[in-house]
Structures are given as structure tokens and as C-alpha cells.
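K.L.:
For A:C125, A:C129, A:H216, the entry in TrEMBL reads Cu cation binding site. Here TrEMBL flags A:C125-A:C129 as disulfide bond.
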Amino acid sequence: MSFGPRRFFQRFQINTISKLNFSNVSGGPTTPSELPKRKNLITGKGGPITWKTAGITGILGAGMVTYLLYLKEEQEEKQRKERKRQLGKANIGGPFELVNGSNNIVKSEQFLGQWMLIYFGFSHCPDICPDELEKMALVIEKLEKEEANTGIQGIFITVDPDRDTPQIVDKYIKEFSSKFIGLSGTSDQIQQVCKKYRVYYSPGKKDVDNDYIVDHTIIMYLVNPEGEFIDYFGQNKTASEIVDHILLHMFKFKQEKESLLKNSLGKLNFLSEKKIATS
Amino acid sequence: MSGKEEFLSKSERTTCWSSRDYYWECLRSNNEEAAKCTDLRKIYESSCPAQWVKHFDRKFNYLKFKEKMETEGYEPLNNI
């Protein structure tokens with residue numbers, strides 16, 4: 001982005017000029033009527049070298065001050081952004097610990113560095129879960145064809161840990177996509193992850209066959225490579241709408257990271273240039 | 001179909017759903033006279049878990065209600 005440096009340059013000029021004005025005034029604030037007088041003073045005193053050095057010192061000093069102000073302002077802006085981000089961030093999601101089909105513990109930290117699309121459901125689900133999981137498989141498939149895709153993992157978490165053992169979940173989810181990861185766990189583990197993601201689930205009455213349906217929240221959750229909840233997609237969103245949203249979030253995330261890197265690089269460059277100029 | 005320990009496979013699900021859709025189609029084209037669709041109902045019940053049948057029956061009524069709302073609008077409560 002060229003906005004940063006340009007704005008800085010403008011500031012630099014303004015500050016330098018004002019600094020020069022002040023440093024050359026022999027008393028009292030600068031007023032338009034005093035300007036010609038000061039000019040006369042400069043030319044009148046026949047020591048151009050002293051004025052020159054004074055001028056250079058002034059410029060350098062002003063530059064230094066401007067740079068410090070610039071740093072301070074940038075620091076403040078960063079803090080402002082951070083505050084805003086934290087205020088605007090929903091308190092959804094967070095770390096979890098569950099069990100996969102090979103009976104291994106899976107921690108959410110393992111997925112840091114890639115995006116996650118999480119859906120909660122159960123294997124005995126009559127129609128909604130299969131529909132949503134088909135949709136999720138389609139979303140991932142479509143994303144894989146996109147160049148802007150930066151890597152996403154589809155995850156299914158059961159809300160029916162009594163029936164859905166890790167092995168059953170694994171078998172169930174692989175029918176939708178071999179790339180999906182199905183997770184189960186103890187009732188406590190499931191309760192914890194559902195609480196974090198604000199997922200409501202409630203098993204219905206058991207019939208004569210001991211069969212039952214679990215009523216639950218139908219939402220897909222998008223988590224970024226830093227493990228933060230970013231967005232959710234309800235039943236009303238189509239696969240291509242979800243793909244568009246995810247690509248936009250990936251783009252924004254990448255841009256944010258890049259501009260952060262650019263900013264620090266730019267600062268380094270500026271510092272080294274400054275050193276060369278003064279030496 | 002009686003409830004079983006494991007979930008329905010993809011093909012079993014598809015079979016269940018299509019038998020349900022055939023039954024629903026029969027109901028709709030026969031003014032919802034269930035007596036005219038008993039054969040299809042039997043197939044439907046044999047290809048879906050009992051819980052699912054219960055769930056789909058409820059859904060059928062819900063969809064009917066929803067459609068009525070959308071096409072005819074709702075009647076204010078005080079008129080009833």
C-alpha cells in the first residue's frame with residue numbers, strides 16, 4: 001500500500017517547514033508581518049555557513065522529531081486497531097480436545113496454520129446433517145479449485161457421543177469426503193466444545209428400538225489459521241455463497257498479514273536510510 | 001426398518017429418502033388420503049428407521065403449513 005509512506009512524507013514536509021520557521025524566529029510567534037524581516041536578518045548577517053549548518057541541524061532535528069511522532073502515532077494506531085479487533089471479536093470458539101477414528105487425541109492446536117470449517121451433527125441424523133455435510137464437501141471441493149485458497153480442513157464433531165464412537169464418526173464422515181476429519185469424545189469433551197461454539201444439542205425421547213433424534217444447532221463455523229472464530233454459515237447459505245465468503249476472509253487475512261510485514265519492513269528501511277544520510 | 005446400532009449408509013439413506021418422496025407425492029396427488037397410499041407407506045416404513053418416519057411425518061405437516069402460510073398468508077389469531 002502506498003498510502004502509508006505518502007502520508008508520512010506529507011507530514012514530514014509540514015513538520016520540517018514549521019520547525020524551520022520556529023528555529024529562525026528570534027522571538028515571539030511567527031506572524032506574516034514578521035516574515036520579510038526575518039529574511040532580511042538571514043541575508044543581512046554575512047555568515048552563510050553558520051546559517052547553513054543551523055539549517056541542516058534544524059532539518060535533521062525536525063526529521064528526527066517527525067519520525068518519533070510518526071512512530072508514536074503508528075504505535076497508537078496499532079493499539080487502536082487491536083482494541084477494535086478485540087471488541088468486535090465474538091466470544092465463540094476456542095481450543096478443544098477430542099478423539100479421532102484411530103482413537104488418538106486431537107487438539108485444536110494441531111490445526112493452527114490452516115483454516116477449519118467445522119460442522120456439528122450426529123450419524124443418525126435423518127436429513128439435515130447429510131444435506132449440510134454434502135454441502136460442506138462441495139464447499140471444500142470448490143475451494144480446492146480456487147487459487148486464492150490457502151488450505152482448509154473440514155471437521156465434523158458429533159453431538160451424540162453415546163452412540164457415535166470415534167470409529168463410527170470416522171466411518172460416517174468418510175462417506176461424505178475422504179478428507180474430512182470426524183471427531184468424538186467423552187460426553188464431557190463434547191459438552192465443552194459445544195459450549196465454546198455455542199452449539200445447542202438435546203437428545204429426543206428414545207423409542208422402542210432405543211433410537212432417538214438429537215435436536216441441535218445447524219451451523220458451519222469458519223476458524224482462521226490462528227485458531228480464531230471468523231464467521232458462521234447457516235442452512236440458508238448455498239455452497240457457492242459460502243465459498244465466496246471464505247475466499248474473502250482468506251484474502252483479508254492474507255492482506256492483513258502482508259501489510260503487517262510490509263510495515264515493519266518499511267520501518268527498517270527507513271531506519272537504515274536515515275543512518276546512511278546522517279553518516 | 002427397525003433402529004439399529006449403526007447409522008444408515010449413503011445408499012440406504014438415498015433409498016429411504018426416495019421412498020419417502022414417492023409416498024409424499026402419492027399423498028399430495030390424492031388429496032392426502034393416506035388409504036390410497038398404503039403400499040407406498042409400507043415401502044417407506046421398511047426403508048427408513050422408525051424415528052426417521054416420525055420425523056419426516058412431522059416435517060410433511062410442517063412443510064404443508066409453511067406452504068399454506070406462503071401462498072395464502074396467515075389468519076390473525078383473533079379471527080379464530
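Yeah, the Cβs are placed from backbone N, Cα and C, and that goes for glycine too.
TrEMBL entries are annotated by machine, without manual review.
Just so it is clear, the model here is predicted, and its values are computed rather than measured.
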K.L.:
Are there any residues in the same chain, six or more apart in sequence, whose C-beta is under 8 angstroms from the C-beta of A:C125 (Cu cation binding site), and if so which?
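P.N.:
Correct list: A:I213, A:V214.
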K.L.:
Which of the three DSSP states, helix, strand or coil, fits A:C125 (Cu cation binding site)?
P.N.:
coil
K.L.:
For the recorded Cu cation site, enumerate neighbouring residues of the same chain (Cβ within 8 Å of the Cβ centroid of A:C125, A:C129, A:H216, site residues themselves excluded), in sequence order.
P.N.:
A:F120, A:G121, A:F122, A:I128, A:E132, A:V159, A:V214, A:I218
K.L.:
Tell me, by DSSP, whether A:H216 (Cu cation binding site) is helix, strand or coil?
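P.N.:
Once the DSSP labels are grouped into three classes, A:H216 (Cu cation binding site) ends up as strand.
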K.L.:
Suppose we draw a 10 Å sphere around the Cβ of A:C129 (Cu cation binding site). How many other Cβ atoms does it contain, all chains included?
P.N.:
24
K.L.:
At a 10 Å cut-off from the C-beta of A:H216 (Cu cation binding site), count the other C-beta atoms across all protein chains.
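P.N.:
That number is 21.
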